[in-house]
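Before we start, here is the structure in question, set down as structure tokens.
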Ligand SMILES: Nc1ncnc2c1ncn2[C@@H]1O[C@H](COP(=O)(O)OP(=O)(O)OP(=O)(O)O)[C@@H](O)[C@H]1O
């Protein structure tokens, strides 16, 4: 089957060659070496397939697709977890390390302490889990987060902007609850608008890059019968999605300031910050109809699949590195046609890790190419993916 414009082989990036996890989730130790282009982690439920892939996500995107709580990742009864990875390209080798202790994560690169912001996205990754299948129909926050998770891999600064923004919203919510004076709320509003506009403008830039890939993958996945798109409407005009490239920074500042002023009484009454990019709407459409209301199960799956492939394409184009694909238990969620489309995509140079309870979903060709790692739930695992 033909693939959309992105060809993974054009941008081979850093590859994970060795992974070591200690006192992480159910593992006392997990060691995998000589890792190849395609690794399939297979085993029954609760043996630690997701944990292994989560470890890779923490060492690449610097986040877990399961939790933001560091303490949940440390093996029960242990004080710290240690994660190590070796990444290699034709010209470079990088050792990445992470120590997780209660409430704290400390990264190292080539033995030297580094902030997460400095290593995030150095080796980019795209994860795809069953939770992502709710992207089209679930809460709007999931769609905003989906854009932001690409945004943080494209810009180091964006992560701290998002963190600052979230803190400001929390602070304002508290101030509204505590019924603090107008002057205090207004001073918070000034900062909220400035940081909020940074979030909004970066989101729009990321979305403008993602949209054409998303549309073209969707068209291919569905055989060209339907057109999908993704729309972004700011909180001040939720029924009027923005045309790509139509909002300048100055417009956004003026609109957000004015809308915040007009909602001051409502915010006081509801004791909640109602205005800002945390309240913006992101909508997928199929043939012009809102997917949240009208998309079938199959259309929802096509949307998520097209979105994930678009993420990979945009990250590859922007960073010059094909991202690692981390696919946790999604093969069982896709039907034959979408699964086979996806497998064609993975068949390029992109390094992929797939967890599954059985291998029946894979073609013989794919199984022949893959390193099949069988997990049985033991606390200590040592495996070498390939002999060469
Ligand atoms: N912090 C922790 N300490 C010890 N064990 C944990 C911790 N967190 C999760 N577990 C356990 O680790 C085991 C493996 O979980 P994991 O999600 O990796 O399994 P899985 O093989 O992906 O399963 P499934 O196929 O059901 O998704 C589970 O039994 C889980 O309860």
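Each Cβ is built from the backbone N, Cα and C atoms, and glycine gets one as well.
TrEMBL does not curate its annotations; it predicts them automatically.
TrEMBL lists these features:
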{"type": "DOMAIN", "residues": "16-365", "note": "domain 'RecF/RecN/SMC N-terminal'"}
{"type": "BINDING", "residues": "43, 44, 45, 46, 47, 48, 49, 50", "note": "ATP binding site"}
Mind telling me which of the binding-site residues 46, 47 has the densest Cβ neighbourhood, counting other Cβ atoms within 10 Å?
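Comparing the binding-site residues 46, 47, the most crowded Cβ belongs to 47.
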Determine which residues of this chain, when 43, 44, 45, 46, 47, 48, 49, 50 are set aside, have a Cβ within 8 Å of the centroid of the ATP site's Cβ atoms, and list them as they appear in the sequence.
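In sequence order, the nearby non-listed residues are 355, 357, 375, 377.
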Would you mind giving the whole-number mean pLDDT across the domain 'RecF/RecN/SMC N-terminal' (16-365)?
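So the average pLDDT across the domain 'RecF/RecN/SMC N-terminal' (16-365) works out to 93.
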Provide the number of Cβ atoms within 10 Å of the Cβ of residue 45 (ATP binding site), excluding the reference atom itself.
9
Minimum Cβ neighbour count within 10 Å among the binding-site residues 43, 44, 48: which residue?
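Counting other Cβ atoms within 10 Å of each of the binding-site residues 43, 44, 48 gives the minimum at 44.
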Taking the Cβ of residue 50 (ATP binding site) as centre, how many other Cβ atoms lie within 10 Å?
22
